[in-house]
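Scroll down for the structure; my scribbles are underneath it.
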Amino acid sequence: MAKSSFFNKHLLLSLLILLQSCLLSSSSSTDSETLLNFKLTADSTGKLNSWNTTTNPCQWTGVSCNRNRVTRLVLEDINLTGSISSLTSLTSLRVLSLKHNNLSGPIPNLSNLTALKLLFLSNNQFSGNFPTSITSLTRLYRLDLSFNNFSGQIPPDLTDLTHLLTLRLESNRFSGQIPNINLSDLQDFNVSGNNFNGQIPNSLSQFPESVFTQNPSLCGAPLLKCTKLSSDPTKPGRPDEAKASPLNKPETVPSSPTSIHGGDKSNNTSRISTISLIAIILGDFIILSFVSLLLYYCFWRQYAVNKKKHSKILEGEKIVYSSNPYPTSTQNNNNQNQQVGDKGKMVFFEGTRRFELEDLLRASAEMLGKGGFGTAYKAVLEDGNEVAVKRLKDAVTVAGKKEFEQQMEVLGRLRHTNLVSLKAYYFAREEKLLVYDYMPNGSLFWLLHGNRGPGRTPLDWTTRLKIAAGAARGLAFIHGSCKTLKLTHGDIKSTNVLLDRSGNARVSDFGLSIFAPSQTVAKSNGYRAPELIDGRKHTQKSDVYSFGVLLLEILTGKCPNMVETGHSGGAVDLPRWVQSVVREEWTAEVFDLELMRYKDIEEEMVGLLQIAMACTAVAADHRPKMGHVVKLIEDIRGGGSEASPCNDGINSAVDSPCLSEDTCGGTTSQ
């Protein structure tokens, strides 16, 4: 009887596996047919010859799959034509990029593509109204419909796309008023070159002027102030105000300024002699000239006082709004820029909400802390916008103007939900400022080590694991963003992992280590890879080591450079202490006592400990790449991360639409 029961269970399990396999095969076959139908109508030049029935569709040009379903379709600049209606059957699609083609017609109903995160359809011939089905794609992070022939109004339901980071609608024929798109995460926004009218909503008014230009009837900040011409005849300011007043009947309204005194007196002016008229005019002219000179003298004197008072603040101030979409001041007009650069200028990256340098100087400031690269401040601007400003005056001693600007161009291009993105920078001979988004929930260091008194709320395991995964994704994105330069962070530590309003980890201060004096690096000994002790340069492998130390800090609750050995009372670095404890088979002694209150997490903690020990291998070649570390951590968490808009292809970020074109920018010293 037992054998029969076992046989039945085994048979049922086999049937379920077979059914699942059939379903996956059927779905894969459906995706294959969908792509072949699209090829028949769109590929008139034969660029998709690899798409045929004899090969696996997951190996076709521009196609990526997950579990035999098409999840990514990137077909850019290959002269595709026709409609994209057939693609709506690709229900597992996460990334769709068809920019720089000749596709046309209206956008079909995309509501079936519920997994879509990135949609790039720019530089085509699409037409019709804004595709309202897009507003139902609640996982969407980036939407680019620019340089097409769309028309009509923008639906206010765009506010339902709460994760949206990019909204590019420039160079179309959209009209009507811009809706109040109040999306807190929106970073990259442009509606220039359309037919919008009315006032710019307050929620968008701090984006640069360039993103609203070429809309003749658009007004309000940052464009010209709207002038309200009321059609209400009772409103003041109209030339025919007397007609409009309810106190005047139409028949009593004067037709000329003098007729109110009667018709006879209007002829008296003709009796005034010519000499008297000239005398009156000369007298008025002399009086007006005297008053004008007096006012000019008073105002000029006040202006001179103010100019002298504020000359140090205002001298050489110049705000540059970058295009393309990043600053290119180091590439053109070298002589002019050198002159401006000596005095100082502020450069904003496109999509950043603008403000004047004076606004920053007037803002209420709160010091957040001092680090190896300078002092960080929280600045609250007059409009309530909060930014973080890092002052590098004392730290950046080895970088020249050209080297500094080239590095800023590269760093300013990096955009990811797990990075604290660089918004703007100011460069002058005596002052260097970096402007970032303000992260209100502090740093990982403070959450782990701050206020360990009795009233403290400990950091639970789920939150620690989420922070570890987010920081890993951010660092992996930096490493994969530009293969030719092999970018590094250079200073991974818990104070450089910040938390945004949603509790997501964001890596900060990346790419600044090349400017730091050697003594600054020495202060991060607890995180420093062994190979850096003899003065070698930072590498991606040394970043991996530092990240491994960070994981050990999360697991143990101990500061990396403050671990006591227990017998001698001396201190030892955290990786060596963990290795010694594990070697003596006291693994449970490694973990933070605050984690012991949680049940059924020991297996996950041991798994993360193994990752940390692999990252802190003494030999750099034995350490894993960050892309692999991300996968290992996500496996512990129990699946892929839906929170990251750039999770697809994290090891090939250069080819990912998560990045703008030419991520590497110009050459830079690294």
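Note: Cβ is positioned from N, Cα and C throughout, glycine not excepted.
Checked against Swiss-Prot, the residues Asn52, Asn267 yield a single entry marked N-linked glycosylation site: Asn52.
All protein chains included, Asn109 (N-linked glycosylation site) registers 14 other Cβ atoms within 10 Å of its own Cβ. Comparing the glycosylation sites Asn79, Asn102, Asn112, Asn190 by how many other C-beta atoms lie within 10 angstroms of each C-beta, the top residue is Asn190. Around the Cβ of Asn149 (N-linked glycosylation site), a 10 Å sphere holds 13 further Cβ atoms from the protein chains shown. Comparing local CB density within 10 A for the binding-site residues Leu368, Ala376, the maximum falls on Ala376. In the structure as shown, the Cβ atom of Asn52 (N-linked glycosylation site) sits within 10 Å of 11 other Cβ atoms.
Over all protein chains present, the Cβ of Gly374 (ATP binding site) has 23 other Cβ atoms lying within 10 Å.
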